[in-house]
Amino acid sequence: MSLRFLLGRSGSGKTAVCLEEIRRQLQEDPKGRAIVYLVPEQMTFQCEYALIHTEGVGGMIRAQVFSFTRLAWRVLQETGGMTRYHIHDVGVQMMIRKIIEQRKQELKLFGRAADKHGFIEQLNEMITECKRYCLTPGELRRHAKAFEDGPDQPGRRLLADKLSDVALVYEELERSLIGHYLDSEDYLRLLAEHIPRSSYLRDADIYIDGFHHFAPQEYMIIEQLLRHCRRVTVCLTIDRPYDDGMPDELHLFYLPAQTYRQLRELALSNDIAIEEPIVLSANRRHEDRALVHLEAQFHRRPLLPYGAKTDAVHLYEASNRRAEIEAVAREIIRLVRDEGARYRDIALIIRQTEAYRDLVKTVFFDFGIPYFMDEKEPMHHHPLIELVRAALETVVTRWRYEAVFRAVKTDLLFPTDGDLHMWREAADKLENYVLAYGIKGDKWTNNERWAYRRYQALDGLNVPQTDEERQFEDMLNEWREALAAPLRRLERRLRRAEDGRGFCMALYLFLEELQIPKKLEKMSAQAEADGRLVEARQHEQAWNAVVDLLDQYVEMLGTESLPLAEFVKIIEAGLDRLEFSLVPPAMDQVIVAQLDRSRLIDIKYAFVIGANDGVIPAKVKEDGLMAEVEREQLRELGVALAPGGREQLFYDPFFVYLALVCPSRRLYVTYPLADGEGKALMPSPLIKQLTELFPHAPVHLCGNDPFDAPAEKAEAFVTAPRATQTYLISQLRAWKRNYGIDPLWWDVYNTFIGHRDWKEQVRHAVSALFYTNGATPLKKQWSQRLYGKKIQASVSRMEQFQKCPYAHFASHGLRLKERNVFRLEAPDVGQLFHAAIKQIADRLREQHLDWRELSRPDCERLSAEAVERIAPLIQQQVLSSSHRYEYMKRKLKHVVARTTHVLSEHARASGFVPIGLELSFGPNGDLPPLRFRLPDGTVMELVGRIDRVDKAESSQGVLLRIIDYKSSAKTLDLTEVYYGLALQMLTYLDIVLTYAEQLVGQPALPAGVLYFHIHNPIVQAKQWVDDEVEMAKKLLEPFRMRGLLLADVEAIRLMDGRTEDGQWSLIVPAQLTKSGSIHSRSSVASPSDFAALRQHVRRLFIDIGGQIADGVVSIAPYKLKDKTACEFCVFKPVCQFDEALSGNEYRKLAPQTKEAVIEKLAEGKEG
């Protein structure tokens, strides 16, 4: 029995010596005693490959490559330690969560933290660390007691509580596992116990390679190997034997020197012979003298510069991380294409994997570079995992919309042999219905049929259901049954389950009934056929992982009774931890490795990525349960734990050294100057060190395209087709802006255009360079097919065209509309207000009452009755769907009651009486439509509904006025009237005046147009108001109507008989002077002004109608001051209007004063 050290700096050939010795022994005696090559887990695949391809080996039985865990399985299979059930990390974490829930009252700190994301994982890591460093729960308790009883210092009490809680959970976990289960750390303990009984390892030759340090559990295993194996050879990356003592903490080889000393002491304490160390001094790896110089001089002070020029060390400075990875990808393509490199000769070494993971995937896909990322990928994005999560969430949240459709959108609820495209379309339609009707809870699970009506709210009163609606309703219920039935069965089984086994059985039956294995197999076959080999394997892994998770739950917690919500929490915690296992799908691929973790063999070209300050060297990160200060306090008590942040800082130069010297031919070190958000990043001190060491090393400046990197030749950007196409388009864009480009790009363009697989894609991309965001006018026949030969239009439609012709086309030509959502929107509130006022007016007419006769209690009673009758007709009874909406309904009653009271006050003060409410005009309306013959002969009819028409008798004849109810403040802006943006009120006035004889039996004069704001304002006063008359004025003032009145004193007094000379009217926007004339600040217009406005509006209608008939659909939104047509437009995703695009500009309208508008109309000038 002996211990032999094989020592040498990186690249000295330690691994090669091991492989050569193994080869020689295999050739001498193929069936001799076992040879075990023990390496880190992440190195096993590469070592097996290297060993099997060692010249003269071929196949082998005697030698095997193991990690510590795989060796444990091999020994326990032989000696009988595998009878206990193996629990993965996922199972352990589920058990920990259960323990915390059960012992929450006894925990001092952890009870409150259990539900925080990542806490269970951190606690598991802490317990794992305790096991690796041979700390028992009892020892943790003793240390907790020591801190509790010791001097009162900051943090000691907190540390005592932490240790106490860890000990409690740790002890309970061990009690649950002992005798029945094994977790990953138990294998190492059992391996140490079972090595003496293993005939396989007795007198074996052990080679330990690739390790720089060991945990106490691993030292226990090595101790047993030393006792029972013929020879243990340990390879360490170190410059010399440290028999004479430890080097300084800042020494480059401090970490492996520490390991060397501990192994030596272990052998001496067991009376194991220590052979003379073999120290390899020659550099056998590096082919270039510059890399030999780097290996020898790294971390030496003072630095010895390498005087000669070199092509073996390159520095890349990139504008951002994407430019950095694209530059690396271009160089990889060049190496493979021009220098004959294989992808497997190349490695990317990254410390910040989270910052680069997605970038590497995206860029390497574009460049067609095969790669293997040495990092396990979480499963949470897989459809099966999402289905399980969403299905359980559906049950516990009472069928919330989000949970149900997360399950639906996995595609796994669809019938196995169904048409995927058809079912996705059906799911979209079902989702639209669920959103519009507010479907949740019992509406999914009861047997009540879902009803469908195309017409919403008050529009659909007394309209029978059409055949089209009935047909869609039938399909809707079929889709509902097909998709919801499996979830309903799952819910019934989960509700009936009495323990963990019942819950898991319900979930398994749910997946089995959906034929998930068959569906995943189909998905896997499709992925494999498309060449997506990694994805193909992931489908099978996902199914096995979910089944294994349920098995582990049943095994450990199957007999436990617990609430369904708690079961779901535990399963979700398990799902969070599921990861895809890593097996390289091909041999020739770039290795993407982590700087601190990966072990690389036979790499010729290495790219050290992201060499920024704070990354290399690394900052101390405290992301575990134990803070660095607490680890120091434990270390003072002699407690050994994993290296803390301070120790890791000492070790960091060693890992950086390993990364820099791993390539045999060329080293590239890259760093970005900004992150993804544009924040500046500083280069690592390593960059300064390398530039001093290699003053003649080339430094490359890398941008996102050829213009950003003028030093690079154009040929460097011609790589894989997908990436080259991107660069080509950027060059052509520059050419279009009159910049010069390299002639090579025209050759690239011609090559693409002549290639059958790429020409259409490139043509499409090039056409985008000349794209102008405009809309081609419709041909006459298409315009007629869309709008009809006789156009029937509302006034708001005419306004919409004036705001933006394309918005009109999208709304009335394409008939696009927003997805209806089950909530109360502003238009619904406005609709309710209108309907309530009309119902109150109808009730008064039925009871032969007048508005003037209403008292405040009458207003409140009538308003409450009206709102109660109308509410069920608004948005699928949304106002009865929740307590929140019930409260809103009460508030709406108050608004209507306040409005009704104000209207009654207006009636008492006014000589005008309503003669029409919701007065319709059109072919079948109360009044005929307003008809126009357009220039091309097309007839256009204006149709609509007027909120309220009032009449008064004056000395000059009958006066008519229009009142429009608005749920938001509104005034009549003559600038908007002039430009055709606000045509409604004057059009309504024109209609009632045009058809006055039909309406009132004689011609009439315009009294004005007014907006009445329906609201419930808070009255503000600077001091307490006791006077009732004054208070009445304060209450009426916020309801003063806005608009435009006839400039006639008699008409104004008819509108407000209470107005006093010199005072503003509380009802209309007018004031009479003390002399009885109209004040200049009043909003009034003469009869001739009204006539000019009416004529102007009519001319606008003819112009707008003519443009509609001619097929005008231009993207031309208006801009008036700070108002634009795009502000509240729902069609922006369709038109994609963008001022940055060529041809996209606002149609800017100049503001006009009231006087200027009147003057222009009088002169006959049009807007």
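A Cβ is built for glycine as well, from the same backbone N, Cα and C atoms used for every other residue.
Noted in Swiss-Prot for the protein shown:
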- 1-359: domain 'UvrD-like helicase ATP-binding' (DOMAIN)
- Gly8, Arg9, Ser10, Gly11, Ser12, Gly13, Lys14, Thr15: ATP binding site (BINDING)
- 282-588: domain 'UvrD-like helicase C-terminal' (DOMAIN)
- Cys804, Cys1126, Cys1129, Cys1135: [4Fe-4S] cluster binding site (BINDING)
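Annotated features, which come from Swiss-Prot, shown on the structure.
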residue	record	Cβ within 10 Å
Gly8	ATP binding site	24
Arg9	ATP binding site	23
Ser10	ATP binding site	19
Ser12	ATP binding site	23
Gly13	ATP binding site	16
Lys14	ATP binding site	25
Thr15	ATP binding site	24
Cys1126	[4Fe-4S] cluster binding site	18
Cys1129	[4Fe-4S] cluster binding site	20
Cys1135	[4Fe-4S] cluster binding site	21
Key: Cα distance (Å, whole number) from Ser10 (ATP binding site) to Cys1126 ([4Fe-4S] cluster binding site)   = 65
Message = Return only the integer: C-alpha distance in Å from Arg9 (ATP binding site) to Cys1135 ([4Fe-4S] cluster binding site).
response = 65
Key: CB-centroid shell, 8 A cutoff, [4Fe-4S] cluster site Cys804, Cys1126, Cys1129, Cys1135, site residues removed   = Lys803, Tyr806, Ala807, Ile1115, Pro1117, Ala1125, Phe1131, Lys1132, Phe1137
Non-site residues, in chain order, whose CB comes within 8 A of the mean position of the CB atoms of Gly8, Arg9, Ser10, Gly11, Ser12, Gly13, Lys14, Thr15 at ATP = Thr237, Leu280, Asn283, Arg284, Arg285
Request  = Over the domain 'UvrD-like helicase C-terminal' (282-588), work out the mean pLDDT and round it to an integer.
outcome  = 89
Remark   = The rounded CA-CA distance in Å from Ser12 (ATP binding site) to Cys1129 ([4Fe-4S] cluster binding site) is 70
Minimum Cα separation from Gly11 (ATP binding site), reported as the residue among binding-site residues Cys804, Cys1129, Cys1135 that achieves it = Cys1135
Note = Counting every protein chain shown, other Cβ atoms within 10 Å of the Cβ of Gly11 (ATP binding site) number 21
Request  = Show which residues of the chain containing Cys804 ([4Fe-4S] cluster binding site), separated from it by at least 6 in sequence, have their CB under 8 Å from its CB.
outcome  = Ile1115, Ala1116, Pro1117, Tyr1118, Ala1125, Cys1126, Cys1129, Cys1135
